[in-house]
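Notes to accompany the following structure.
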Amino acid sequence: MRIILLGAPGAGKGTQAQFIMEQYGIPQISTGDMLRAAVKAGTPLGLEAKKVMDAGQLVSDDLIIGLVKERIAQDDCAKGFLLDGFPRTIPQADAMAANGISIDHVIEIDVPDEEIVKRMSGRRVHPGSGRVYHVVFNPPKVEGKDDVTGEDLAIRPDDEEATVRKRLAIYHEQTKPLVEYYGKVAAAGQTKYNKFDGTQSVAAVSEQLASVLK
């Protein structure tokens, strides 16, 4: 079972990815993790990627496709894999198809932007322990204070509203077109495309996912 998970940052992809991995025994392939592992292992592609990253440049699509092909040939991908954070753009999706990497299921978790802003900008973190709160969904007992230590809570830079909106804008510009792209691929019978309402409870989304991935 080869799966691509699409959705904006903060849509709840990570939680559902965890569910899919546990349920179906397939690994999650994140391009970031994959790059770090290849660099650490010192593979030819890893060394090439390191050179590019050390120069502060973006790793090319060709290089990433090479790494994906290398990674999915490993034993733990025998039953399939879950691609996370890739492809991000239509040229990457085209390159995957050109390299014979077929996908069984494309899953989109859809959450309106305003809901994502509310979710993410409401997060508060206790820097010392990593405990996470939310001003609406999981508030601390005392506003702005950690339940255990009473110390101040902080907002991660990634969760600040301006940053969240910027990341959403990039998602809509680069990745959202993939929704249409895979819709056409599915219409041609080459993959299955399903969209889920990510504003539902985690359990409800997981249940619907399971019924589609049977």
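Count begins at 1; order follows the chain as displayed.
Glycine residues also receive a Cβ, built from the backbone N, Cα and C atoms like all the rest.
Taken from Swiss-Prot, the feature ATP binding site covers GLY10, ALA11, GLY12, LYS13, GLY14, THR15, ARG123, VAL132, TYR133, GLN200, and the record attributes it to sequence analysis. Sequence-distant contacts of GLY10 (ATP binding site), defined as residues of its own chain at least six apart whose C-beta falls under 8 angstroms from its C-beta, comprise VAL111, ILE116, ARG119, MET120, VAL164. According to DSSP, GLY10 (ATP binding site) is assigned to coil rather than to any helix or strand.
Per Swiss-Prot, AMP binding site is recorded for THR31, ARG36, GLN57, LEU58, VAL59, GLY85, PHE86, PRO87, ARG88, GLN92, ARG156, ARG167, and the stated evidence type is sequence analysis. ARG88 (AMP binding site) falls within neither a helix nor a strand when secondary structure is assigned with DSSP, and so counts as coil. Over all protein chains present, the Cβ of ARG88 (AMP binding site) has 17 other Cβ atoms lying within 10 Å.
The region 'NMP' (30-59): residue composition by secondary structure is 22 helix, 1 strand, 7 coil, according to DSSP. The region 'NMP' annotation in Swiss-Prot covers 30-59 and is backed by sequence analysis.
The region 'LID' annotation in Swiss-Prot covers 122-159. Model confidence over the region 'LID' (122-159) stands at 94, taken as the mean pLDDT rounded to a whole number.
The two recorded residues ARG156 (AMP binding site) and GLY12 (ATP binding site) have their Cα atoms spaced 18 Å from each other. Across the region 'LID' (122-159), DSSP classifies residues as 3 helix, 10 strand, 25 coil.
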